[in-house]
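K.L.:
Per TrEMBL, active site, nucleophile is recorded for 113. According to TrEMBL, the active site, proton donor annotation covers 117. Residues or ranges marked as domain 'GH16' in TrEMBL: 3-227. Annotation comment: TrEMBL describes 121 as N-linked glycosylation site. The annotation signal peptide is assigned in TrEMBL to 1-26.
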């Protein structure tokens, strides 16, 4: 295990040393004072006895055992913004266990959704990160990356940038996926519904690890994923709204809403270098290239991540 992670870590260190550091200042963790306790932002969805928090409310834990998993959702919906959370994933033998961190309109058949899913593995094997995008109830846009670090020993930041021009999934400062809003993709770009933030942990050993071949080792339970420092910089949204709030209007975006200003409409030069690096070395599956599923590429697969 140590050799695998060290090799991956060295690749990332070399990249960092040549100056490929994200340049949008707001994409750091920011002032910790803006990271609220759990009750300020979220509510438990089920199995309260499988949710734990630190005494000061700053660190949260979701627990999975044979009885149940657990999950939480934000109290507010948002339409556009920057959303980040620090996660530390289930250590050890986590095959079959999925930790999800995602945004969703929670509107059944017509839902929009932006997914981070962390797929556990046998001890010593790297975690797989699966991202997915639903638009108008249609998903099946999976991409998978192997994480280039051990996500179980320290907290790492996972973020979603969502504005009228692009959706970007970040791991720490690295943009791993871009979904652009263009004339060609306007029908597959989530933009008309507000979305909640969610996270959950559950048993998915029928598919999560090696297509379901690796089953959950319940003798290793309980499985615990941990969270802290949620930053939700976005426009709150009510379902009866019919127009964007001023803070989500690109013509009116203030400095406080950097995520809807031109600097956030496309990747910077250095972010593009990160994107090329991570997708050349750690992308293991892309639905765009899966001819067994798509004889004709989905329209968004022909759109470049930037102009």
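Quick reminder: no glycine exception, Cβ is built from N, Cα and C everywhere.
Relative to the rest of the structure, where do these features sit?
P.N.:
Neighbours of residue 113 (active site, nucleophile), defined as other CB atoms within 10 A of its CB across all chains, total 20.
Listed in sequence order, 98, 99, 100, 102, 129, 130, 131, 132 are the same-chain residues six or more apart from residue 117 (active site, proton donor) with CB atoms under 8 A from its CB.
Same-chain residues at least 6 positions away in sequence with a Cβ under 8 Å from that of residue 121 (N-linked glycosylation site) are, in sequence order, 94, 95, 127, 128, 209, 214.
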